[in-house]
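I grabbed these lines from TrEMBL:
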type	residues	note
DOMAIN	B:356-388	domain '4Fe-4S ferredoxin-type'
BINDING	B:Cys366, B:Cys369, B:Cys372, B:Cys415	[4Fe-4S] cluster 1 binding site
BINDING	B:Cys376, B:Cys405, B:Cys408, B:Cys411	[4Fe-4S] cluster 2 binding site
DOMAIN	B:396-425	domain '4Fe-4S ferredoxin-type'
Amino acid sequence: MENKLIVSSSPHLRANESISKIMRDVVIALLPATLAGVYYFRMGAVKVILSAVIAAVLTEAAIQKISKKRVTINDWSAVVTGLLLAFNIPASAPWWLPAIGSIFAIFIVKQVFGGIGHNFMNPALAARAMLLASWPVQMTAWVKPGTDAVSTATPLAIVGGEASGQALPSFMDLIVGNVGGCIGETSAILLIIGGIYLVYRGVITPRIPVIYIATVAVMSFLLGGFDISYMVYQVFAGGLMLGAIYMATDYASSPVTEKGQIIFAVGCGFLTAIIRIYGGYPEGVSYSILLMNVATPLIEKYTRPRVFGEVK
Amino acid sequence: MKLLSFRGGVHPPHRKKATEKLAVIKANEPKVVYIPLQQHIGAPCEALVKVGDEVKVGQKIGEASAFVSAPIHSSVSGKVKKIAKMKTPTGEATCIVIESDGLNTVHESVLPKGDISELSGKEILEIVKEAGIVGLGGAAFPTHVKFSPPPDTNIDTIILNGAECEPYLTADHRLMLEDPESIVYGLKAMMKIVNVKKAYIGIEDNKKDAIEKMLECVKNEEGISIVALKTKYPQGAEKQLIYACTQREVPSGGLPMAVGVIVNNVGTAAAIATAIKTGMPLVERIATITGSGIKEPKNLLIKVGTLFNEIIEQCGGYNGTPGKVIMGGPMMGLAQHTDDVPAIKGTSGILVLSPEEARLPEPEQCIKCGKCVEICPAFLQPVYISAYGLKDMYDKAEEYRALDCIECGSCSFICPSKRPLLHSIRVAKREIIAKKKKSK
Ligand code: SF4
Ligand code: SF4
């Protein structure tokens, strides 16, 4: 029997966790908002979501095949990237737009740098930025929720004054997502429910989302002339919930230390508020997170935690 | 009662149900015992007997040759058959092989030592040393060494570890239920050695009955408090336990005595009580024999030197093919190459896992989820230490304070990518220490 015994160093017990379980949880968390997107934007949303997810998964499989690596599409991470990218695109976009975005996200941002865990930027956000720079018209062609695809402006553009003359949607519409915008960034409440699920499942800690959102709230209150309703719109409209809960918490492109995460989240919130209020552009979430992604290695370098028993 | 704890840690499944309600029973008398002359880090003992000698229970058969060492005693009466190198749970060591005559004649030297009220601290320390008492939690560090602080250290607290935070194991739990008096007696002996007035017994709150029992037992004792601890791994790790009980942080690289504390296992306290009350040195201990690979899990009182396979046989034998045989618990225990090794003083349990449970998971790429950082009870960043270690960048690993790792295994446990974090950190630690030695 001797040689049959397995000998390895401790621990001999592993938690019942895996990459695919985590990624599947993220997909589950995004499901309510996905359904809401489809409900509000009908076939347009379906087309964008399918195109983004299928392209992401196929790209991942193709690259891993070609480079003779183990194909890991069943870890669900490509699905997450595709879905998140789709959330960042308006429902009116042509089908090839999300596909190009997904190919870019998986190929350039994820696999070129070594695959899962090695992307220094959030792949979906980097792809969104690329699409926005290349096809600005298609990427901002907002439509009103419903079947008739009437064009509209996002609530943030209305509050910010970039789209004057349009009526601001009611707070209730804002919360449930009955407003113009990208597919996934409309329903704040469903995104929050998904976020609570992720915290409950231990996939993320509330640290980054809460601090990020709080920073935006405080800054827009202070800089927005102490106007509560302005602050509320800044917090619940646009991509803040999506960005703070699902994008800024991307494992590979955010710090792992507690202090690092706090700095990262405050930085995201600060930049978002500044871009929204002083920039000529109503949204600021994607660029803020991308900028902080780039700063992450530096933040980590200077936030090594105090070791137990260490006197500093 | 407010539950005390430390920061970090994980929640492995308890898996204690199989044995927590089973009273300790005496194991069958072994026919032959194999007693290693080295059972812990430090110097091996020198044999005091030769082949052919008659020995009795409690007779000293190995003399500690250095300070960080503890003498060993025969656990049976009979004849020395052989003195030879053989495999032990911790590697390889010279063993004294004794054939038992089945009579268990007690050696003349085994006599009650009196009561702690009459003995001086010095005398008690000498009894502890002579009885070969070591830490029974698993590491088996000689107890008398812990109680010999340098003259300028001020010890004010003793903590007994009854946390038993390792999954599966229930030996300490049973001891607390079945013989709390001995634990308290041993604790009082310890308090006398270093002349302290304050002591804690820390117990995880998944052992409510043990907490109650111990509370009952110390109700008239002054200075001894029972501390209910949050059930979390590694609650019983020395530094984490000290923090939970006293909020003191043992300085990095330092020993518990640096903050005035000495920590011992509850089993060690009971062994001291036995050594004082009856004079019997440490020749047997309680161990939990459990896991899905064991037919009838049990808590057994086993004699040091009994072979694992003999012990397992008494528990109904293996349940199918064993996948892994571990001495100790699943988090810090040592996987064995064979079951043909003798139980030693540090054998707190024998855990047998099925082949499926034992199969090593395929490591995947680190996804930088930060879970290992979040839970490390030493506040380290296992992900980076491990990564640098794997790239042979040991200087970097040291910069990330690899040496502060307490090897609890929580990081490997939690990692969703099943990365061998602790394993690589151990390698890095070894390299760093080797380099330090060389440059000295
Ligand atoms: S827990 Fe594993 S996957 Fe997560 S950061 Fe640590 S090593 Fe990487
Ligand atoms: S790095 Fe060391 S101390 Fe930290 S969790 Fe891993 S094994 Fe435990």
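Using the three backbone atoms N, Cα and C, a Cβ is placed for every residue, glycine included.
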For the recorded [4Fe-4S] cluster 1 site formed by B:Cys366, B:Cys369, B:Cys372, B:Cys415, name the remaining residues of the chain with Cβ within 8 Å of the site's Cβ center, in chain order.
B:Ile367, B:Lys368, B:Gly370, B:Lys371, B:Pro382, B:Val383, B:Cys411, B:Ile414, B:Pro416, B:Ser417, B:Arg419, B:Leu421
Other than B:Cys376, B:Cys405, B:Cys408, B:Cys411, which residues of the chain come within 8 Å of the [4Fe-4S] cluster 2 site, judged by Cβ distance to the Cβ centroid of those residues?
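These residues sit around the [4Fe-4S] cluster 2 site: B:Cys372, B:Ile375, B:Pro377, B:Ala378, B:Leu380, B:Pro382, B:Ile406, B:Glu407, B:Gly409, B:Ser410, B:Leu421, B:Leu422, B:Ile425.
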List, in sequence order, the same-chain residues at least six positions removed whose CB sits under 8 Å from that of B:Cys372 ([4Fe-4S] cluster 1 binding site)?
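Counting only residues 6 or more apart in sequence, the Cβ neighbours of B:Cys372 ([4Fe-4S] cluster 1 binding site) under 8 Å are B:Gln381, B:Pro382, B:Val383, B:Ser410, B:Cys411, B:Ile414, B:Cys415, B:Leu421.
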Please give the sequence-distant neighbours of the domain '4Fe-4S ferredoxin-type' (B:396-425): residues at least 6 beyond its ends with Cβ less than 8 Å from one of its Cβ atoms.
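Residues packing against the domain '4Fe-4S ferredoxin-type' (B:396-425) from afar: 8-10, 12, 233-234, 237-240, 252-253, 331-332, 361-367, 369, 371-372, 375-378, 380-386, 388-390, 431-433.
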Run through the domain '4Fe-4S ferredoxin-type' (B:396-425) and tell me, per DSSP, how many residues are helix, strand and coil.
17 helix, 0 strand, 13 coil
Between B:Cys369 ([4Fe-4S] cluster 1 binding site) and B:Cys376 ([4Fe-4S] cluster 2 binding site), how far is it from one CA atom to the other, in Å?
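Counting only the Cα atoms, the answer is 13 Å.
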What else in the chain is close to the domain '4Fe-4S ferredoxin-type' (B:356-388), if you only count residues 6 or more beyond its ends and a Cβ gap under 8 Å?
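Long-range Cβ neighbours of the domain '4Fe-4S ferredoxin-type' (B:356-388): 6-10, 234, 237, 239-240, 292, 323-324, 394, 396-397, 400-402, 404-406, 408, 410-411, 414-422, 424-425, 428.
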Take every residue in the domain '4Fe-4S ferredoxin-type' (B:356-388), average their pLDDT values, and give the whole-number result.
94
Just checking: which of the binding-site residues B:Cys366, B:Cys369, B:Cys415 have a C-beta under 6 Å from ligand 2?
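Correct list: empty, so none.
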Can you tell me which of these binding-site residues sit near ligand 1, meaning the Cβ is under 6 Å from at least one of its atoms: B:Cys366, B:Cys372, B:Cys376, B:Cys405?
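Cβ < 6 Å from ligand 1, in sequence order: B:Cys366, B:Cys372.
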If I take the alpha carbons of B:Cys408 ([4Fe-4S] cluster 2 binding site) and B:Cys366 ([4Fe-4S] cluster 1 binding site), what is the distance between them in whole Å?
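B:Cys408 ([4Fe-4S] cluster 2 binding site) to B:Cys366 ([4Fe-4S] cluster 1 binding site), Cα-Cα distance: 20 Å.
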Would you list the binding-site residues among B:Cys366, B:Cys405, B:Cys411 that come within less than 8 Å, Cβ to Cβ, of chain A, in the order they occur in the sequence, writing 'none' if nothing qualifies?
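Near chain A, the qualifying binding-site residues are B:Cys366.
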Enumerate same-chain residues with a sequence separation of six or more from B:Cys366 ([4Fe-4S] cluster 1 binding site) and a Cβ-Cβ distance below 8 A; give 'none' if the list is empty.
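Counting only residues 6 or more apart in sequence, the Cβ neighbours of B:Cys366 ([4Fe-4S] cluster 1 binding site) under 8 Å are B:Val383, B:Ala387, B:Cys415, B:Ser417, B:Arg419.
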Using DSSP, would you call B:Cys372 ([4Fe-4S] cluster 1 binding site) helix, strand or coil?
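Its secondary structure by DSSP: helix.
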Neighbour count first, Cβ atoms within 10 Å, every protein chain included; then name which of B:Cys369, B:Cys405, B:Cys411 tops the list of binding-site residues.
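The largest 10 Å Cβ neighbour count belongs to B:Cys411.
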